[in-house]
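> One structure, as structure tokens, below. Some questions next.
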Amino acid sequence: MPFRLLIPLGLLCTLLPLHHGAPGPDGTAPDSAHYRERVKAMFYHAYDSYLENAFPYDELRPLTCDGHDTWGSFSLTLIDALDTLLILGNVSEFQRVVEVLQDNVDFDIDVNASVFETNIRVVGGLLSAHLLSKKAGVEVEAGWPCSGPLLRMAEEAARKLLPAFQTPTGMPYGTVNLLHGVNPGETPVTCTAGIGTFIVEFATLSSLTGDPVFEDVARVALMRLWESRSDIGLVGNHIDVLTGKWVAQDAGIGAGVDSYFEYLVKGAILLQDKKLMAMFLEYNKAIRNYTRFDDWYLWVQMYKGTVSMPVFQSLEAYWPGLQSLIGDIDNAMRTFLNYYTVWKQFGGLPEFYNIPQGYTVDKREGYPLRPELIESAMYLYRATGDPTLLELGRDAVESIEKISKVECGFATIKDLRDHKLDNRMESFFLAETVKYLYLLFDPTNFIHNNGSTFDAVITPYGECILGAGGYIFNTEAHPIDPAALHCCRRLKEEQWEVEDLMREFYSLKRNRSRFQKKRMSSGRWEPPAGPGTFSSPENHDQAREKKAGKQKISLLSCPSQPFTSKLALLGQVFLDSS
């Protein structure tokens, strides 16, 4: 008998009261202009509260109206919110914050930082702001977008992460000390997403700076995961980066795995890479064969395909949006509607939801104002125009304002059943949740450009076309303009070609001089040797690799540590015995 999942209808509660701008009796869609202004007001209530009470700390504690460092002491909320400011149209504050970040953020600090979080929030946020700087009226330097202060900051931050990738497998450690590299004794166990979520930011860095090391390490990590999949085509949740052995074998699309799949698709689109897309499509077949039941996605054993956890995690709500990017709209909408029923039941998405029982999972009843369902609504609304998707946006605004708004910002909902709050406002609330809500209700935003307008930018190397649309959001909702990558990649390749020609020219010149001297002194010709030798293109590539190699940090070998987790979510480990 096929495994079927049912939600008890009696558990579905009524929606929050509708406000002005909600659909009327005739079923008209929510008033986008009304909710756009509501979302903007939400942003500034949270943003101003952070500036007044928490800056320069990473994040706001809204219940005590103060701040704390969470992911490394980078003034993280300011970096995460920067491109949202421009999307909301606040050019002057964008310009001010760019100066503040240049003056205050320092990566030469003795701090243990998450490699994954630093990449998606800090590197991604700085890259996006760099590429949007000219649009925001910032006076950019000659050579932009292939150079600039925010790009240099992003590169500096990313270089601090490179020691984590120096493992026997090429898969990175999860944590690195920004001053000393990987700590001796650091656990070699990393979640799948923490290994496979670099290609968007690191390929962007390599394309803009001309240094291939970033894209190279990201691709190696992706390939090692691909090579580690099971015979039935699935990957687990955590792996030992020293041995390549899986230590948590639950396979699914949610926490610990999610953005690996996301980056295969987005990396394929950003880089026009057919191989990455082919990898995702193979995974997608296995996911549909073994984890999908009635348009829900469960957790299964990666080698056998047997169900291990029949739960829906709020982090999985990105999946319909990802399906829309590959054109699978029908399946995306069906899954989205399943997830939307959970939102209607609680006024938010609990971290874990037991699908057969139709209720929350013990100790996982909270909603930290995550963006994933709103993100999917934005993508699907762009694809379909279905007003149901605007209704989700309306419900999100009403729920978040009613339940989590406090005097100093918006607080994490600790328990959706009784609306208890927690003293934290994650930086992703301003980077993602508010941004996707605003873009859902703002169909004419520059982010949605369909190529009908663009900017022609004159650089020392020629003309570039930028801002024509097709932005790729990293997993922290920082938009990357793909045109800049291809523009700068072309310029760097041309620069390398010129350098190669100049090398050969001077090499030829030196060889001629030697030949003439030898002929004059001995009367016979001898082949040139040493640094004056004619160089092939292969020699030049090796020379570049050797030069880049000087910047690498020596391999740090760490002892393997015991790991008994069933599943880890945002650093919380759930033990088998729990």
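Yeah, the Cβs are placed from backbone N, Cα and C, and that goes for glycine too.
Sharing the record's features from TrEMBL:
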ACT_SITE  Glu117  active site, proton donor
ACT_SITE  Asp258  active site
ACT_SITE  Glu351  active site, proton donor
ACT_SITE  Glu372  active site
BINDING   Thr475  Ca(2+) binding site
COMPBIAS  538-548  compositional bias 'Basic and acidic residues'
REGION    517-552  region 'Disordered'
SIGNAL    1-21  signal peptide
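Would you situate these features in the structure and describe their surroundings?
Long-range Cβ proximity for Glu117 (active site, proton donor), meaning a same-chain Cβ under 8 A and a gap of 6 or more residues, is found for Trp71, Gly72.
Residue density at Asp258 (active site): 25 other Cβ atoms are found within 10 A of its Cβ, drawing on all protein chains shown.
In the structure as shown, the Cβ atom of Glu351 (active site, proton donor) sits within 10 Å of 24 other Cβ atoms.
Of all the Cβ atoms in the protein chains shown, 24 others lie within 10 Å of the Cβ of Glu372 (active site).
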> What is the total of other Cβ atoms whose distance to the Cβ of Thr475 (Ca(2+) binding site) is within 10 Å?
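Within a 10 Å radius of the Cβ of Thr475 (Ca(2+) binding site) lie 25 other Cβ atoms.
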